[in-house]
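According to TrEMBL:
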DOMAIN    3-207  domain 'CNNM transmembrane'
DOMAIN    284-343  domain 'CBS'
REGION    429-448  region 'Disordered'
TRANSMEM  12-34  transmembrane segment
TRANSMEM  62-83  transmembrane segment
TRANSMEM  95-115  transmembrane segment
Amino acid sequence: MEPLLKSLPELLAMAVLMALSGFFSCSEAAMFSLSRESRAAMGTGRVPERAAMRLLADPERLLTSILLWNLVINIAFFALASVLTLRLERAGESVLSKGVALASLLLIIIFSEMLPKNVGILWPRGLAAAVSLPLGAATKLVDPLLPALRATNNFAERLLIPRLEPEPYLELADLERAVALGSDANDPHLDDDQEQSARGEALEELEREVLHRVVALAGTRVDEVMRPRKRYAMFRPPVSLVDLEGEAPPSGYVLITEPDSDEIVAALPTTRLALLPAEHLERYAESVATIPWCATCSSALSELQETGCRVAAVINEYGDTIGVVTREDLLDAIFSDPETHASDWHWIRPVGVKGVDGDDETACEAAGGTPLRRLAKRFGVEFPESKSVTVAGLLHELLEHAPQEGDRLVWGGLVWVVVSTTEGHDGSGDTVARIAPASPADFHGGGA
């Protein structure tokens, strides 16, 4: 231990350098982990928060400064570690010198890289404000070097990776191959020209379908795709992981209400839960947008995009929350086939029903939450005007009582038969109806 005591100044200097490296690592993680909502709030917040936003106004300058300081500090740290190791080696402390070298490496990895960055990611807003003033001073110190560093970086990019273009997330050929897997283009009896033609037709059909759904968003009300009030879990603050009872909410978000009501005011993606403390989850939740029930899905998607929110609370004409819609719900309405993409409250399932001319392939069963618009598209009909937008709402409206198994009616040129009704564990009713084109005999028997 005597050689180590003689090297106490070097050890103290290494500890200081390790702390400085941890400071810059934590600053980098905190600054670049801020959400859009946090940045907007900090822009009008306290002096340290506004200082942090000024640094982030030029992210390239900030990141270059942080990386440069970290590099210089780490070089100095390992230089001192090398001096100390050589001194111990000359003193005959071979084992101790190897231990110091290994300990130096592990300590700077754990306490100057891993731990500070994890802390910065967990509490980005508070730490970003706390480090903003000293970080700003450190950034100004290296400002004279930035022009030379940027010129060197640009020269290296042009020399080593000229005309580098970002690779698209999904190549057209990849999409074409995916479509071909489910099409006749895989037929081994087709020659190359026929196979290419089949692939092109399948791809064009998929493109037309997606474009049709995009256009349909402008005419689809948000209450047709929203998650109804009884189909999502709500939590009043304070919220902890124990409240989830080991299950992820079906909406994909922990929906947090006001302390004294059931109005949704914040949402926390379940994908972030593993990175957060187990208590007071409401502190890390994001605000939600508010959208009227009569708004279109396209305007709802635009609102979420403009506000940076991921969830919107859908309110009725009285201002009460009647459901929620997420960004994922709206994107599913564009890219998912309603007959293959099912949720727990709205789905369409084809069934075979015996008709006059054999099996009726267009017949289907639908959940109570299924929008009438989807059924109208499936059967190629135009429904009469109604107050309801879902199957369950229509059945309630026309039957004038809660649907019961065996209830039957004719409406919109279709026969509607209630095949099952169940009571959900949360008090929500689950209704399933079988729908098929009506025959002349059905109209003779009466109906809408």
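Note that Cβ sites are derived from N, Cα and C of the backbone, with glycine treated the same way.
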Next on the checklist: Taking only the residues in the domain 'CBS' (284-343), give me the average pLDDT of this model.
Outcome noted: 83
Next on the checklist: If we skip the immediate neighbours and take only residues 6+ beyond the ends of the transmembrane segment (62-83), which ones have a Cβ under 8 Å from one of its Cβ atoms?
Outcome noted: 10, 13-14, 17-18, 20-21, 24-25, 27-28, 31-32, 55-56, 100-101, 104, 108, 112, 135, 138-139, 142, 145-146, 149-150
Item to check | Within the domain 'CBS' (284-343), residues counted as helix, strand or coil by DSSP | outcome: 21 helix, 18 strand, 21 coil
